[in-house]
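Student: Grabbed the feature section from Swiss-Prot, which reads as follows:
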type	residues	note
TRANSMEM	19-39	transmembrane segment
TRANSMEM	56-76	transmembrane segment
TRANSMEM	92-112	transmembrane segment
TRANSMEM	126-146	transmembrane segment
TRANSMEM	173-193	transmembrane segment
TRANSMEM	199-219	transmembrane segment
TRANSMEM	227-247	transmembrane segment
C-alpha cells in the first residue's frame, strides 16, 4: 500500500496570486501541442505555416476550455447547473470534461477550417496527434490535486488519497496518464507519421481514446453525484466513450474504403 505524497497544489505564489499546478499543466499541454505542430508543419507535404499553427492552437484552446467547462456542467453536474447557471463561470471550483472539450474543439476547428479554406478533416488529422501529451499533462494535474481517484483495491500499489477515506485505491489518474496520454500518443504519432487516407488519423484517435477511457473507467471511482448510470456498472465516462468507439471504428473503415490520398 502506498500513501499519497501530499503535493501542494499551488506551484508558486506571485504576491497574492496563487499559481496552481493544474493550471500549469494546461499551459504545458498547449506548449507541447504548439511545439509538435510546428515540427509537423516543417514537412512541406502538409501545407501548414507557422502563422496557421499559432491560430490553430488559439482556436483549439478556446474550444477546449469553453467546451470542457460547459460539457462538465451538462454531463456531470446538470442539476446544479439548472439551479444556478452562473456556476458555469466558477471555473476555480474545478470541473472539466474531456468529451465536452472534444465537442468544443470540433466546433472551433470547423470554424478555423472555414476561415483558412482548409478541409475540416485535414485539420482534425493534423490536430489529433497533438492532443495526447496534453491529456497526459492534465492527468498529472489531477493526481497532484488528489482528485478523480480510483476504486478501492488490494493491489500492492493501491494508494490512500486525502479526502477519499482510509482504504487504498487505484491511482486511476496515473492509469489514464499512461493509457490516454503516453500510449495514445505513441500510437497516433506513429500512425500519422505517414500520409493516411483523409480522416483516418482522426478516426483512430476516436477509436483508441474511447477504448482506453472505457477501460480506465473500470478502475476510476464514479462521480459521487452520478454513481453508475446504467446496469449497475456503467459510468458516465463509459457512456460518453461508447459513441467514440462506434463512430471511430466506422469512420476508420470509411476512410480506407473511400481513399482520397
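Just so it is clear, glycine is given a Cβ too, placed from its N, Cα and C backbone atoms.
Since we're looking at a predicted model, the values are computed, not measured.
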Student: Taking residues 6+ outside the transmembrane segment (56-76), which of them lie with a CB under 8 Å of any CB in it?
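Tutor: Cβ under 8 Å, 6 or more out: 30, 33-34, 37, 87-88, 91, 95-109, 111-112, 123, 126-127, 223, 225-226, 236, 240.
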Student: So which of 19-39, 126-146, 199-219, 227-247 is most in touch with the transmembrane segment (173-193), counting Cβ pairs under 8 Å?
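Tutor: So the stretch in question is 126-146.
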Student: Thinking of Cβ pairs under 8 Å, which stretch from 126-146, 199-219, 227-247 has the most of them with the transmembrane segment (19-39)?
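Tutor: Ranking 126-146, 199-219, 227-247 by Cβ pairs under 8 Å to the transmembrane segment (19-39) puts 126-146 first.
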